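Going by TrEMBL, these are the annotated features:
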type	residues	note
COMPBIAS	66-75	compositional bias 'Low complexity'
COMPBIAS	76-95	compositional bias 'Basic residues'
COMPBIAS	99-109	compositional bias 'Basic and acidic residues'
DOMAIN	4-62	domain 'Tudor'
REGION	53-109	region 'Disordered'
TRANSMEM	208-230	transmembrane segment
TRANSMEM	257-276	transmembrane segment
TRANSMEM	297-316	transmembrane segment
TRANSMEM	328-345	transmembrane segment
TRANSMEM	456-476	transmembrane segment
TRANSMEM	482-501	transmembrane segment
TRANSMEM	522-543	transmembrane segment
TRANSMEM	563-582	transmembrane segment
Amino acid sequence: MPNRRFADGEVVMGRWPGSVLYYEVQVTSYDDVSHLYTVKYKDGTELALKESDIRSQSSFKHRKSQSSSSSPSRRSTSRSRSRSPGRPAKGRRRSSSQSREHKDDKKKTVQETNLALLVLLCLFFKPSENNTRSYNGEPDSTERNDTSSITLEQKLKPGLEIDRVLEQYSLRPRKEEKKKEEIYSEKKIFETLKTIEKTLSRTKELEFGGRIGTFMLIFFLPATVFYLLLMCKQDDPSLMNFPPPLPALESLWEPRVFGVFLLWFFLQALFYLLPIGKVVEGLPLSNGRKLQYRINGFYAFILTAEAIGTLLYFQFELHYLYDHFMQFAVSAAAFSMGLSIYLYVRSLKAPEEELAPGGNSGYCVYDFFTGHELNPRIGSFDLKYFCELRPGLIGWVVINLAMLLAEMKIHNQSMPSLSMILVNSFQLLYVVDALWNEEAILTTMDITHDGFGFMLAFGDLVWVPFVYSLQAFYLVGHPTAISWPVAAAITILNCIGYYIFRSANSQKNNFRRNPADPKLAYLKFIPTATGKGLLVTGWWGFVRHPNYLGDIIMALAWSLPCGFNHILPYFYVIYFICLLVHREARDEHHCKQKYGLAWERYCQRVPYRIFPYIY
C-alpha cells in the first residue's frame, strides 16, 4: 500500500476539477482503497481529489513566483513584436477606413467568442455532484447544527476568476458605442450564472422511493390511518377480517366536526402568539441569518388544560371526540391537504436560499410531499414550528383523555381501567417532556433540514394525534384487565426507556452546548475535521443511537397494557421500529459524508447501532 503524502488537517493547494486553477484546501481524510484525498475548500465544499491534483503550499508559491517573474517579459516582447512600426507590410496596404472596419469586426468577434467561452467555462467548472452538503438531521453524534453558507460567488469561483483574467488582458470593448452591448452581455452572463446556481442547489438524492414513492404515499398514509381506526371499531379486530366494513361516504364528513377542528387549531395558534416565554435563535440558515422562536409550548399546554377543565366543569361531554373520531380524522386529513397545497404554492415564489435542501428536486410531486420551503412564515408566525408541537401533540393528550372518559361511560365504570390509566400516564409523560424541552427541537432534522410539506403537515396534524392514540382508542372497545404486579413491571419498563431516552439526549445537548464544561470532563470523544467531537463514552459509547433505543422501549410499554389478543395495538411499535431504522440508515449515510475518517473510527469504537449485541 503506497504511503500517504499529505496528512489529515494539512493545508495544501488543491486543483479544482476540470480546470488549471488551484485553491487553498484542508485535507480531512484519505481513502486507502481508492487512494483519494477528501479535501475541504474555504467555502465549505468537500471534494475527493487524486494525489496528483494536490500540491504543497511551498512548492506552489515557488512556482507561482517564477512564472509571474518571467511572464511579463514574454508578454512585453510579444507585444513589442506585434506592434513594431518598422515591420514591412506584406501585400497591398489597406486603406485607413478598411483597417478600422477590420479592427472593429475583429474586436466584435473576440468579444462574442469571449462570452461563449466564459459561459462554457462556468458550466464546466460547476462543483461535482458528490459535494458533501452540511447535514442538519439527527446524526446522533454530538453536533447537528453545522450549516453551510455558500454564496453564488463562492460556488462559481473559477468562473469569476476567468472574468478577472479577461479584464486583465483588456478583452472588453473600450469604445462608448460598445457599452450597451457590454451591459447586455453581462446581463446574459448573470442570468446564466443564476440558472447554474439553481441547478447546483437541486436535491440530488431522493428519498421515499423518489417521485413514484412519494406519489403513492400521499394516498397510502391517509388510507392507513382510516384502516387502523376502522379495525379498532370492530368486535374482532383481527388482521384476518380484512377488509373492514366501510361506512357510507356521507357519514365521514360533518361540517360541525370540521368547525370544532378549526376552533382547536386557531386556539392553539392564539396561545402560540401570546407574548409569554423566552425568545431564542435557531441555527444559522444558508444565508447566515438566524430565525427567532418563542418557547411557550409548555405554557400553551397549561392553558389548554385549564380550558379543558373548564369545559368539564360545565359538563361538556368530551367523549364527543370518541363518538365522532373518524369524522375528526377526515377533517384533520382534509385540512392538512389544504395546508400542504397552500405551502407548495407559496413556496414557488420563495427565494432560492429559503428552500429546503431536502425538498428542492425540481419534481412537483416530490417537493410537494417533502416540503419545498424550509421555514414558511406569515410575519413572525412560523407554520412548521407551530404545527410540530402544538395542535397534534397536545391534541394527542386531549384525545387520550376523551377515550378514558368514553371507557367509563360505555362500561358504566366509576373509575377508568388500570390499562387505560397506564396508557394515559405514559404518553402524558412523553408529551410533557417534549414541551418542557421544546428548545431542543430547533436542532432536529424536521426544523433544520426538512421542508414543510405534506409529509410533516399530515404527520403533525393527523398521524400523531390519531395513530399515537391508537392504544387508548383500542381499549375503549376492547377492555383488558391486568394485575397490579403486571402493571408494576410495565411501569418499570417504561421508566427504563424514558431514562435512556432523556439522559442520552441531555448528555448530547450539554456536550454540544459547552464541550469544555468541567461536569462533562469524564466524557471522551473523537475529534473531527469539522471541529466537533463524536462522543464515545456514556450512552453514546454503548450504541450509536441510544435515544432511539429508549423510544422503542417506551413504545413497547405503551402497547403492553392492551394485552396480546390482537396485534393491532402493537402497530405503533412496528411502525416506530421501521421509522427509526430508516432514520438511522439516513443518519449513517450523512455522518459518513460529513465526518469521513472520524466516523469510521467511531463506528469501529461503537459497533452497535440501536440494539446492543443485535443491531
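Glycine is treated like the rest: Cβ placed from N, Cα and C.
Contact between the transmembrane segment (328-345) and the transmembrane segment (208-230) holds: at least three of their C-beta pairs are under 8 Å, each pair 6 or more apart in sequence.
Break the domain 'Tudor' (4-62) down by DSSP state and the numbers are 9 helix, 27 strand, 23 coil. Long-range contacts of the transmembrane segment (482-501) within the same chain, counting only residues at least 6 positions beyond its ends with a Cβ under 8 Å from a Cβ of the stretch, are 418-419, 422, 426, 429-430, 433, 539, 546-547, 549-558, 560-561, 563.
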